[in-house]
Amino acid sequence: MRALLGVFFLAALLSGCSRSHVTHMSLPVLPGWYNGEQVYYLTTDISDAQMATVMQANYVPRLANALPDEPGPHPLATYDRVYKFVDDSQASVFPSIPLPLGGDNQDMAYSPLWHVYEVRWLSGTPGSPLRSADAVLQAQEQGLVSVRASGIIVNCPVVAVGEQRLQ
């Protein structure tokens, strides 16, 4: 009887996640890169008012509270870096994505929250496209780009990887 009640309780809890009332809508997706593979993501919320206006996203100043007071590595952070090219010469670069996309994601490093790192080409003109986080960091080491933490947190869930898409 106890097991039956447990199953009933679990079913009741999960009914709040039911897809029976799903409404579809169109939202703009943006291209990005992960380890040389094209991905697509949504930008829904941004901690900076000006960027939120430009990106037509929700301005959510409270997202900035995710940043620690002290610089340095923070292994328990709920965000990761995203590399944004300030001249829009190329799509943003993500260091992690859900693998696989959807409810079976096994990449525990992935989070849809990102700390925006601004990337600038030092020559003034874009070089070869950088399509992975490692490529961005190598270009920085070679003096081709500068990389700077912006202090801006964005909510940008990855919704498509190659031909795989969330339904």
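Cβ from N, Cα, C; glycine included.
A TrEMBL annotation is a machine prediction, not a hand-curated record.
Copied from TrEMBL, the annotated features are:
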- 1-20: signal peptide (SIGNAL)
- 35-164: domain 'DUF7482' (DOMAIN)
(request) Please give the average pLDDT for the domain 'DUF7482' (35-164) in this predicted model. (result) 93
(message) DSSP-wise, what's the residue breakdown of the domain 'DUF7482' (35-164) into helix, strand and coil?
(response) 22 helix, 42 strand, 66 coil
